[in-house]
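Right, one structure below, let's go through it.
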Amino acid sequence: REASRHMQPPSPSPLLGGTPLKRRGMACAAVLAVEGLEQAAFFGITANLVLYLTSSTFGWGGTQASHACLFFGGASYLLSPIGGWFADVYLGCYGTVALSFLLYLLAACLLPVTASLDGRLSLCGELPADTIRNCSWHRGGTCQGQPPELYCAPTIYTGLLLLALGISSVRANLTPFGADQVRDQEVDATRRFFNWFYWSINMGAIFSLLLVNFVQQNIGFLASYLIPVACLALGLLIFLLATPTFITKPPRGSQVSAMMKLALVLGVLNPPNPAQPGAPSPEEDRANFQVLARILPVMLAFIPHWIVYFQMQSMYYLQGLHLRTPGIFQRTSDRTRGNDVWLLLANVVVLVLLKDHVIDPFLARRRLLPSALKQMTLGMFFSLASILAAGILEREQLQYMHHNQTVLQLLAKDRYPAATLPAWWQIPQYLLIGLSELFTSIPGLEFAYTEAPESMKGAIMGLFFFISGVGSLLGSGLLTLLSLPTHGWMRCPEGYGSINSCRVDNYFFLLAGIQSITCFIFTWISRHYQHRLPRADMVPQGQGGQGAPPRAARVNTPPHHGVMGSCGGGSSPGLWGSGRGGLGGCQPSVGSLPAVE
């Protein structure tokens, strides 16, 4: 009876308020502020990295600078599982976020140092003289000399690698750590937290695109790279000052290694010896391995979506260069980046707020709120519609070009041959990809958090970001394959990716075909995925701050449940529901409503 009394769900309270849970609101607000500042720093670093390296300060070629930018972007996603695993095993989410933020801050200081003359000379030495000034090897001729080495390349690449390591660790752990702060609140608190978490991400991006880019292009790189450093310092300060309000748990070990071993020993070697002190039972290993086997196909099915999504920064950008630009934008130095800004503004000001305050509550009151998988399926169809709209627009643009309905427009310092078709026709595809992000990224974060076993939360969240990096790299590889000189659709030898010789429309329709298969796969998954619900014989442990006593003891834990991890904030292993159904075991299965399937 006493245990039943402890299992009663808490009274509903606002996500960022409520008198009994005021400290939870402060903790949640601190996490959202830290995430926004971190994203502002990230976009501030990456926005003009190519421009920085190709400037007279370093003198890199465009290809070398683009390679460095791709290396940094890919590493910042692909290293995420390492940070998640490190948190599960060694430091926990709180300690890993603090340490990663410090590494992030120190590595970011390298950029303003290299932007100053004295700092650059001390780290890189003098800029070498141009040894190939009178040679023509780079123009197709021959030269007895050798091209000069990239100036300051070891320092730049080392700094970018350290930055990527810090960024990836923060991404993998700040997300589940923030969700842990609202685990003991109302039924939809986790879902609402991820809505506002995504809102914070876009707010940071908007701040960077509107302010940092302006400073970089109009004042200088030294001043502009001091802004990300200041954002990171402020974010770390807020995180440390909010420590007393946080729910933190020590690391309890990760079963990722055990899962890998189990996959090798099943049917091949003798089972591992469970007699070691603190070792999980074979039943626990097997149960969590089965959970991982269910999560992985969902994660892998995200790859085509990310391939389509990253077209927004690449091929959508290129397509916009060859559409007639309205006169009010033709004199701006960064006109094509305006589409991204308006998309982010639409997401932040309209879509996220509309979803959180109107759509989701309306559906929840009628018990019609779809599960996270259902929402992700809807997002996949929005992604398909976006790439189809881009393909149709590109084919129409080709018709304009073939009928010589073109203009030669000046954007910044370059002239681009463009169809007379207005660039406003890109709005539908940008709006659709924004809707796709709203219905895939937010539910995807929620799904990864709620479905992951307690001892694998950091690693699974890292896997979510890792998959997005894989999608970006595969999209780049597909584009390279289609650009082969023989039969590539994307072979564009006339400069600026001229659409007279480059069938971008076929590329878009190919991606649409791949994404349509993904839509059917996700539809099947959303109907057949089996959620693990919390057990009635499990009671949640204390949700207070550091050192708070547990509210109820864990009783009669069946061996097939997961093991508590560092980021869980509680000991209940019932993290198998998505949408409204799963709240990390904080809501008991008695009387709770599963997500509508």
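Every residue gets a Cβ built from N, Cα and C, even glycine.
Fair warning: this is a prediction, and the values are worked out from it, not measured in the lab.
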**OP:** Name the residue range among 156-174, 251-269 that TrEMBL annotates as transmembrane segment.
**Re:** 156-174
Original post:
Do the transmembrane segment (506-525) and the transmembrane segment (376-393) come together with 3 or more C-beta pairs under 8 Å, pairs six or more apart in sequence?
Top reply: yes
**OP:** For the transmembrane segment (221-242), could you work out the same-chain residues 6 or more beyond its ends whose Cβ comes under 8 Å from its Cβ atoms?
**Re:** 26-27, 30-31, 33-34, 37-38, 40-42, 44-45, 48, 52, 55, 57, 97-98, 101-102, 104-105, 108-109, 111-112, 115-116, 211-213, 215
Original post:
Taking contact to mean three or more C-beta pairs under 8 angstroms, with sequence separation of 6 or more, is the transmembrane segment (29-52) in contact with the transmembrane segment (376-393)?
Top reply: no
Subject >> Any contact, the transmembrane segment (291-312) to the transmembrane segment (461-486), with at least 3 Cβ pairs under 8 A >> reply: yes
**OP:** Tally Cβ pairs under 8 Å between the transmembrane segment (91-113) and each listed stretch (58-79, 156-174, 461-486), then give the stretch with the top tally.
**Re:** 156-174
Subject >> Beyond the flanks of the transmembrane segment (156-174) by 6 or more, those residues with Cβ under 8 Å of it >> reply: 31, 34-35, 38, 42, 45, 53, 58, 68, 71-72, 75-84, 86-87, 93, 96-97, 99-108, 110-111, 114, 458-459, 461-462, 465, 567
**OP:** Report, as numbers and ranges, which residues of the same chain sit near the transmembrane segment (461-486): CB under 8 Å and 6 or more residues beyond its ends.
**Re:** 70, 73-74, 76-78, 80-85, 168, 171-173, 175-176, 299-300, 302-307, 309-311, 314-315, 444-445, 448-449, 452, 492, 507, 510
